C-alpha cells in the first residue's frame with residue numbers, strides 16, 4: 001500500500017497557475033488522432049518569456065526536435081528513477097497492463113462510472129461461484145433432479161464460451177462465429193465431430209432462444225451446472241415425472257434454480273456475513289480512484305446490487321485503504337444502486353433517493369451531486385451532470401450489460417475488466433517456445449506444400465496430354481517426377497503427425513479444454529476477443545491498474561495488421577535491399 005505523506009509544495013502556487021493552464025471544454029479542439037484536447041496541460045506564457053520563471057525555452061528547443069525529444073525523455077526517465085517512480089513502460093509490458101482497442105485520451109474524460117461486482121469488488125471465483133453452484137444444486141434437488149455426486153468444477157468453462165441450448169453443447173467460436181471447439185455435457189468433442197455437427201453453421205448471438213454467451217464470471221456456476229445436468233439427461237437419470245425434457249427445457253430448469261438462489265437472498269446474506277471469505281482485497285484500488293477524483297474526474301458508482309449489499313461490499317473493500325478515515329461514499333459524486341442494467345442504458349425508469357442508513361427511499365425527479373439513488377437512467381445522469389457521450393468513461397466486467405449497451409445507446413467510452421487477462425498473459429509468455437516450434441513446423445509444411453502443388457500440377461497437365469508449366473517440366477522423366485511427389489507427400493504426412501497434437505495442446509497452460517481466452521486456434525481471435533475489440537475502447541485485468549497510468553494517460557491503439565501487410569513489408573525489404581545494392585555499385 002502506498003504511504004500517504006503530507007504534501008510539500010516547493011513551487012509558489014501563484015507562479016504555477018501563471019505558468020500552466022488546463023484546456024477547458026469551451027476552448028478544446030481535436031488533435032491529429034481525432035481526440036479532444038480537453039484537459040490538456042499547457043504553457044500559459046510564450047517561450048521567450050519563460051526565463052522569468054527560471055526556464056530558457058529557446059535553449060530547451062535547440063536542435064532537431066527528434067533529438068531534443070529523445071534527450072528530454074532520457075532526462076525525465078533518470079529523474080523518475082531517482083525518485084523511485086516506476087517507468088510507465090513497465091506497466092504496459094506486464095500482465096497488469098491496460099490494453100487499447102480504440103484511441104482514448106483520458107484527459108478529455110470528465111466522468112468515470114464504475115460497476116461494482118467483479119469490477120470494483122473482485123470475488124474469489126471458487127468461493128463465490130462455488131456457493132452459487134451449491135445453492136443452485138440444492139434447488140435442483142428439491143425440484144427432483146438427480147444431483148448427488150456432482151461437484152463444482154470451475155475449469156470446465158471459461159468466459160466467452162457460448163451455450164448451445166438446442167444441442168446441449170458448450171462451444172468456442174472464432175471472431176467470425178465459426179465453431180472451433182465444442183463440449184457435449186462434460187465430454188469434449190473431436191474436431192471431426194464438431195465439423196460434422198456444425199458444418200457451415202455460425203454462432204449468432206442475436207438468436208437468444210438458442211445461444212447464450214458467457215459474458216462474465218457470474219456465468220461460470222450456471223454453465224457448469226447445465227453441462228453436468230446434460231450428462232444426467234443423456235444417461236436417462238432424470239425422472240419422467242419432471243416431464244419430457246429437452247436440452248432447452250433443462251437449461252430453463254437450471255436457470256430457474258440459480259435465479260432462486262439469488263432471489264431468496266441466502267447467498268448474498270452469507271457473503272455479507274463473511275466478506276473476507278469471498279472478496280479478494282486490492283489495497284491499490286481506492287488509491288487509483290482517489291487519483292482520478294483529485295485529477296478532476298467526477299466518479300460514479302452504477303450497480304445492479306441493492307443498497308445493503310453495495311454498502312457492505314464497498315465498506316469492506318475500500319474504507320480500510322482510504323486515507324484520513326475517509327468513507328467510500330466520499331470517492332463518488334453520485335451512487336446509483338438497483339440500476340437494472342442494461343435497461344438503465346436503454347430507457348427511462350423511476351428514480352428514488354435513498355434517504356436513511358436503513359435504505360428507506362422516496363421518489364425524486366432529479367439526481368444531484370453527492371446523492372445516493374435507486375433506479376433512474378443513464379440519460380438522467382447525463383442531464384444531471386450536464387456531461388454527455390464521449391466525455392464519460394464507463395468501466396465494467398459484463399460485455400453486454402456494461403460495455404456494449406453504454407457504447408451502442410449513448411456512445412460512452414468504455415473499459416472492460418477481465419481478471420483472466422493476467423493468467424492468460426503469463427500463459428502466453430510461457431507458451432512462446434511451444435508456439436515458435438509449432439509455427440516453424442507449419443511454415444515448413446507450407447513451403448513443402450507449395451512445391452508439391454507445382455509438381456502435382458505438372459503431373460496433372462501431363463496426364464491430360466497438355467504441356468506442363470515449362471518445357472523442362474514437360475520433358476521430365478515420369479519416374480523421377482512420381483518419386484519426388486511421393487517423397488514430398490510422406491514429408492507432409494509426417495509434419496501433420498507432429499503438428500496436429502501440438503495444436504491440440506496449444507493454450508492448455510491457460511485451460512486444458514478450451515485453450516486461450518482470446519484465441520480460437522493458433523492464428524485467429526476468439527469470438528470473445530471480437531466482442532471486446534468492438535465494444536471496449538480499453539481493457540485490463542483490474543481497476544487498480546489505472547494507478548500505474550495516471551489520470552492523464554493518452555491510450556493509443558496499436559497498428560492493426562491486415563492479411564496483405566506481410567507481403568507489403570516483404571516488398572519493402574526487397575526494395576530496400578535493391579537500393580542498398582545500387583548505392584554500393
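Cβ atoms here come from the backbone N, Cα and C positions, even for glycine.
Residues or ranges marked as Mg(2+) binding site by TrEMBL: 115, 397. Per TrEMBL, the feature active site, nucleophile maps to 115. Summarising the annotation, TrEMBL assigns GMP binding site to 117. The feature active site, proton donor is assigned by TrEMBL to 117.
Between the CA atoms of the residue listed as 'GMP binding site' and residue 397 (Mg(2+) binding site) there is a gap of 8 Å. For the binding-site residues given as 115, 117, the lowest number of other CB atoms within 10 Å of the residue's CB is seen at 117.
Around the Cβ of residue 397 (Mg(2+) binding site), 25 further Cβ atoms fall within 10 Å across all displayed protein chains.
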